[in-house]
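Under the heading ATP binding site, Swiss-Prot lists Phe696, Ala697, Ser698, Val699, Tyr700, Arg701, Cys702, Gly703, citing sequence analysis as support. Swiss-Prot lists 433-452, 457-489 with the feature region 'Disordered'. For 197-225, the entry in Swiss-Prot reads zinc finger, with the evidence type sequence analysis.
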Amino acid sequence: MAAPVSEPTVARQKLLALLGQVQTYVFQIELLRRCDPHIGRGKLPQLKLNALQVRALRRRLRPGLEAQAGAFLTPLSVTLELLLEYAWREGERLLGSLETFATAGDVAAFFTETMGLARPCPYHQRVRLDTYGGTVHMELCFLHDVENFLKQLNYCHLITPSRGATAALERVREFMVGAVGSGLIVPPELSDPSHPCAVCFEELCVTANQGATIARRLADRICNHVTQQAQVRLDANELRRYLPHAAGLSDADRARALSVLDHALARTAGGDGQPHPSPENDSVRKEADALLEAHDVFQATTPGLYAISELRFWLASGDRAGQTTMDAFASNLTALARRELQQETAAVAVELALFGRRAEHFDRAFGSHLAALDMVDALIIGGQATSPDDQIEALIRACYDHHLTTPLLRRLVSPEQCDEEALRRVLARMGAGGAADAPKGGAGPDDDGDRVAVEEGARGLGAPGGGGEDEDRRRGPGGQGPETWGDIATQAAADVRERRRLYADRLTKRSLASLGRCVREQRGELEKMLRVSVHGEVLPATFAAVANGFAARARFCALTAGAGTVIDNRSAPGVFDAHRFMRASLLRHQVDPALLPSITHRFFELVNGPLFDHSTHSFAQPPNTALYYSVENVGLLPHLKEELARFIMGAGGSGADWAVSEFQRFYCFDGISGITPTQRAAWRYIRELIIATTLFASVYRCGELELRRPDCSRPTSEGRYRYPPGVYLTYDSDCPLVAIVESAPDGCIGPRSVVVYDRDVFSILYSVLQHLAPRLPDGGHDGPP
């Protein structure tokens with residue numbers, strides 16, 4: 001018998017199924033916003049039914065989602081809430097636009113309203129964060145702006161009250177409703193993959209760095225976590241394949257549509273897409289062929305005619321198809337445009353055959369605006385018949401094509417062009433009468449101009465078989481070298497040509513290697529920019545972690561306020577004497593140097609924010625690792641990182657320098673402005689708390705007094721929270737210290753719990769001592785005088 005499934009697992013499965021249904025509805029909304037409104041009018045009954053279901057679902061789930069937001073968020077609950085809000089908002093707007101179109105009949109006005117063309121950009125959200133050190137204003141424009149702000153808020157959680165953080169997170173949530181709640185597909189204007197996320201940083205920390213700094217590696221990083229690439233494969237014959245199985249059509253209509261589709265595809269079928277010779281080169285070859293055809297063995301051979309024949313030999317004998325690089329790297333953007341036109345023509349033909357009208361979709365209604373876009377915008381928008389990978393390959397081929405248009409590379413990559421140019425020069429000289437005479441009985445050319453043209457065209461730049469025979473012929477008998485000054489000059493010229501050819505060949509290889517390396521480096525960015533992107537789980541998970549940390553503070557204060565016994569030292573009489581007594585007794589002692597590493601880790605644990613919780617994982621890492629991720633992800637300056645790392649070691653618990661707070665002014669930031677000074681003051685307060693509790697446990701021998709955070713407790717399956725006894729730092733300036741000295745056996749706060757509120761480290765330690773005194777071996781120390 002199978003084991004029963006737990007209740008949380010069942011709830012999670014139901015939420016996942018619900019999330020899939022809402023995503024499907026959002027996808028339908030996005031399609032109908034861009035579809036011909038006449039088609040949308042035909043779907044009004046189904047659309048209204050879906051809108052009513054979303055209303056009912058939102059009304060039923062909203063109280064539970066709000067309660068969970070105050071308890072413990074999960075990425076699943078965050079995503080579902082965002083989708084529900086977006087589906088409700090945009091579904092109602094689409095219904096209103098369709099009803100307006102039913103009366104007005106204006107297609108352009110419908111798309112202007114549904115696509116928000118007349119409204120300002122919705123992806124600009126101002127965020128205000130109130131901290132103890134002042135107010136911070138930011139603007140969210142990209143998805144990575146949200147992630148960066150959440151990381152910054154996580155780092156500044158020490159100096160941010162829960163109320164201020166909750167208000168700022170609400171503004172972030174409003175931005176995420178339009179950005180993340182709009183379904184799976186990420187709008188291109190929202191994604192900026194050049195900014196690495198926290199997951200990118202963590203991946204680089206566990207991979208080999210090859211001697212490069214983390215900052216340099218991050219600069220070359222293309223983020224694929226906030227948004228993830230989706231492989232899109234387009235079938236060119238999709239319409240032809242699925243049209244025979246379309247429902248709701250008669251056999252006659254289906255047959256007529258198939259016939260029209262086949263006819264349209266046959267009419268729009270283009271060429272083979274292979275490169276063809278230019279008309280100019282073709283005319284030169286025809287002229288040369290005509291001269292050669294008019295000659296026979298009974299006629300005398302002129303030097304020019306012999307040069308033409310030799311050049312035609314090189315043009316005909318060379319295997320150009322296997323050597324040309326242009327075939328592999330030629331631009332194919334025209335072929336993509338032709339494919340788009342073929343797809344559009346086929347779709348329109350089928351629409352006319354089936355419905356008797358051409359549908360006015362968004363891209364057709366605003367076709368003139370789309371046609372006015374430049375090439376970059378058109379590539380980002382994409383097409384219906386070309387996948388992003390096709391566009392990327394076309395762009396890369398265009399890069400090679402542009403690179404190979406330089407004269408040197410063009411002649412090296414396409415040697416036949418040298419022969420074409422030489423042939424054109426010989427024909428021009430023959431036409432001008434420069435080589436019309438000097439009959440020759442079948443020997444090679446002796447005209448210097450024609451010979452040089454032939455050598456440069458066919459041999460000078462590395463044509464097949466060029467150079468070896470001539471060099472042997474120029475050498476004397478027995479290969480003893482040149483015998484005349486003319487032979488020396490000829491050999492020197494041949495050496496120059498050979499060195500030029502070798503240099504050009506090396507230059508070409510280097511140039512193409514550099515271009516290939518550049519293309520490989522930039523291909524990732526091209527793929528991220530042009531491919532279809534879907535939302536990853538980074539943003540919902542980051543938002544949930546940060547929001548849970550601040551919600552835990554408010555929940556902890558609310559739960560402790562309902563304890564059976566609450567002692568509030570913030571306004572109690574006689575607390576000053578307790579403060580003075582405990583302060584004097586602790587300042588007489590020093591922290592054992594052997595304890596400095598452990599209390600340093602305790603300091604890192606309290607300073608670290610709620611986002612990076614590596615110390616709580618199954619394979620836990622020390623607290624300094626989580627703090628390292630926290631400070632590096634916000635770009636903390638090196639001198640501040642050094643100061644933070646040595647904060648505990650600098651004090652060491654010696655003297656009275658570590659006791660920085662005045663009576664009832666612990667975690668007070670009055671008179672301090674600025675994020676960094678306030679953050680440094682918070683570090684001092686936390687150091688004071690750690691050293692004081694360490695000395696307290698050492699002096700009074702009461703065992704280790706636990707310092708805890710309010711977000712250390714996770715809800716149980718019953719929704720209850722367990723807070724073990726200890727001193728809790730709430731990071732709230734009104735009530736920064738809460739001591740739980742007694743609690744129920746299960747660890748939950750209830751009628752048997754005893755809680756102490758305080759704003760002073762030493763007075764709260766004295767209250768803890770009073771409750772521990774009956775259990776101490778010596779009955780405790782005397783109280784204050």
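Quick reminder: no glycine exception, Cβ is built from N, Cα and C everywhere.
The binding-site residues considered are Phe696, Tyr700; of these, Tyr700 has the fewest other C-beta atoms within 10 angstroms of its C-beta.
The ATP site is defined by Phe696, Ala697, Ser698, Val699, Tyr700, Arg701, Cys702, Gly703, and by the 8 Å test on Cβ atoms against their centroid, the other residues of the chain that qualify are Leu695, Leu705. Secondary structure from DSSP puts Cys702 (ATP binding site) in coil. Considering other CB atoms within 10 Å as the measure, the emptiest surroundings among the binding-site residues Ala697, Ser698, Val699, Gly703 are those of Gly703. Using a 10 Å radius centred on the Cβ of Cys702 (ATP binding site) and all shown protein chains, the other Cβ atoms total 17.
A 10 Å cutoff on Cβ-Cβ distances gives Arg701 (ATP binding site) a total of 10 other Cβ atoms nearby, all chains included. For the zinc finger (197-225), residue counts in helix, strand and coil come to 14 helix, 0 strand, 15 coil, using DSSP. The DSSP secondary structure for Phe696 (ATP binding site) is helix.
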